[in-house]
Amino acid sequence: MDDFKKFELISDYKPAGDQQKAIDEMVNNINQGIQRQVLLGATGTGKTFSVANVIAKTQLKTLVLAHNKTLAAQLFAELKEMFPHNKVEYFVSYFDYYQPEAYKPITDTYIEKDSVTNAEIEMMRLSTINSLATRNDVIVVASVACIYASVSPIEFTKKNLYLHVGELIEFEQIKYKLVQLGYERKDYDLVPGTFRIRGDLIEIMSGYSDKFKIRISMFGNEVESIDLCDPITNNIISKEQRFILRSASEYIFDDSRLAIAIENIKNELDERVKFFLKNNQLIEAQRIEQRTKQDLESIVEFGFCSGVENYYRHLEHREPFQTPWTIFDFFSYNNQDWLLIVDESHISLPQVKGMHNTDRSRKQTLVEYGFRLPSALDNRPLNYDEFNKKLSKTIYVSATPNDEEIALSDNHIVSQIVRPTGLLDPIIEIRKTEHQIDDLINELMLLKNKNQRAFITVMTIRMAEDLTNYLNNTKIKAAYLHNELKTLERSVIINKLRKGIYDCVVGINLLREGLDVPEVAGVFIFDADKPGFFRSDKSLIQIIGRAARNADGKVIMYADVITQAMQTAINETKRRREIQLAFNLKHNIIPKTIIKPIHEDLSGHDYKQNAELYAAKASKNEYNQKIKELKKKMEEAAKKREYEVAAQYRDMIVELEAIKQSVKSK
């Protein structure tokens, strides 16, 4: 390790409710050598804060696994705020859009791979790997896509340029090494992964950060100084005595290894063509020969080709069926101890289980019909057994853990039931389905009169649409939350619910992240007695938890019979509520509804509407002040790497500037 720092948790809050007990128990389990445990934390008990305390107390490098990019981004923002002096990294798929290569034999349809990569996320991935290779105080927040193949830590750590002040090294040698590391020479604007030469100065923008550039000053063949500079102002950020520069991208293949890989690909191609000819599959033989030879020509000339990942087994010199390298190997490199946090484990683990089989099924068809060599099957995610073998100390975090996590942890379950706010799990009522709509409207009117909101969950899209339309023809203002909405569009609807523009939101899947709304005092579950995933005991407990942010929280289930799933959910909620009540009585705590700020809507056309609304009300003197405020917010969002939010602030500024100009011209 080049840099040793301790994890330092910075927060205005101290553990409260059940948090301290849970933190102590988890830390004690880790210190006693217990490899796996479950944090069974009720909704709203501050599980992320407890996990952050465990990281600070154990001082272990940590990987936090989330089941999607949105949740990963939320966790990344929270942990970055709590650990401002440590490295908190974001490691998700760098594709903004991805259509995998596929073949459908029934219709003889070949679907070519199509993708759009995100350069910013690609840089963040490389930053993650670099941090893991050089520091000990690293927290990585990743999506489940991190089980896909990555670069070998052995190869990555080999590829570097190490320089120190006073070192004797030829100018040409530095240039040669930079090119070997994948850096491209540019004479003008530097972007990540490029360098330029100006007299005795070499300026490099690393592949893993755009926050600084490295300026190397040479005096003949001697390194005179190494400065980290601001890429825009050129001001010196820090003077370094030594610096290690890592490669410009995840995968860099040197010429000698490339030559061996190409020879091995040719040998595999010969064997595959013989196989197809032997089985009288002439079309497949011609197809695999033509496609592979085209790829090889491109690799020889440019060092890559479209779909180069299908040749990674050869390019990395791995054996057939060998477990691929992943981000996990950077944590365990040099036999280091580390910590894995599986967030929402009841969703994340099933995803991990399914990814390998889905990937293999698609590629197997490509191999059988001559679109890919069999070695393409080795460019894959970890299977579930490999995933479990990679793990070190693990905490499965969930309000409703599956039997899988409980078995893996050998029943080492840490409970976190009491909320720091003293809020209780909601009261549950069961009502018959007869006249359920009339009953719902009566309940919604009661909530509306108290300035409270509601979530309504139904089983079908048709029911959701019909119910929303019906409610909107009454005195109730309703919105329909469906899965085709983008993340930011969903947050606009939730914000409008919080502001009282809507009285309720109707949806099918109310288990997703971002639905913790303190104004919601009523949750209504239609068809509670119907079988299916959305009415399982665990799903019901998650839905019930949506009413646990409000002191008046209540859940009404519409059902004609009480199913086993319903009874289990009711019993568990009752058990938790009794524990919470007892704690509150003992400590004289009065439950209070959470006060949570409502952020500005910055999605879709809302920024334009907000700008025009502001312009209609603003005086000329206020324009500049408002734009100044928005620019500050944009810069703050960019610093937190909330780039989507920053972009929306930028659009709002542009809109205000345009309106300001049009007002001036009138």
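Placement of Cβ uses the backbone N, Cα and C atoms for every residue, glycine included.
Owing to the predicted nature of the structure, the values given are computational and were not obtained by experimental measurement.
The ATP binding site annotation in Swiss-Prot covers Gly41, Ala42, Thr43, Gly44, Thr45, Gly46, Lys47, Thr48. In sequence order, Ala399, Gln416, Ile417, Arg419, Asp425, Gly545, Ala548, Arg576 are the residues near Ala42 (ATP binding site), counting only same-chain partners six or more apart with C-beta under 8 A. Following the DSSP three-state reduction, the secondary structure of Ala42 (ATP binding site) is coil.
The domain 'Helicase ATP-binding' annotation in Swiss-Prot covers 28-171.
On the 0 to 100 pLDDT scale, the domain 'Helicase C-terminal' (436-598) averages 90 in the predicted structure. The domain 'Helicase C-terminal' annotation in Swiss-Prot covers 436-598 and is backed by sequence analysis.
If you look up Swiss-Prot, you'll see 624-659 marked as domain 'UVR'.
Per Swiss-Prot, the feature motif 'Beta-hairpin' maps to 94-117. With a threshold of 8 Å between CB atoms, the same-chain residues lying at least 6 positions outside the motif 'Beta-hairpin' (94-117) that come near it are 125, 306-307, 362, 365-366, 369, 371-372.
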Within 10 Å of the Cβ of Lys47 (ATP binding site), how many other Cβ atoms can be counted across all chains shown? 23
Considering the binding-site residues Thr43, Thr45, Thr48, which residue's Cβ sits among the greatest number of other Cβ atoms within 10 Å? Thr45
Return the residue, from the listed binding-site residues Gly41, Gly44, Gly46, with the maximum count of other C-beta atoms within 10 angstroms of its C-beta. Gly41
Determine which residues of the same chain, besides Gly41, Ala42, Thr43, Gly44, Thr45, Gly46, Lys47, Thr48, have their CB within 8 A of the center of the CB atoms at the recorded ATP site, and list them by sequence. Ser50, Ala399, Gln416, Arg419
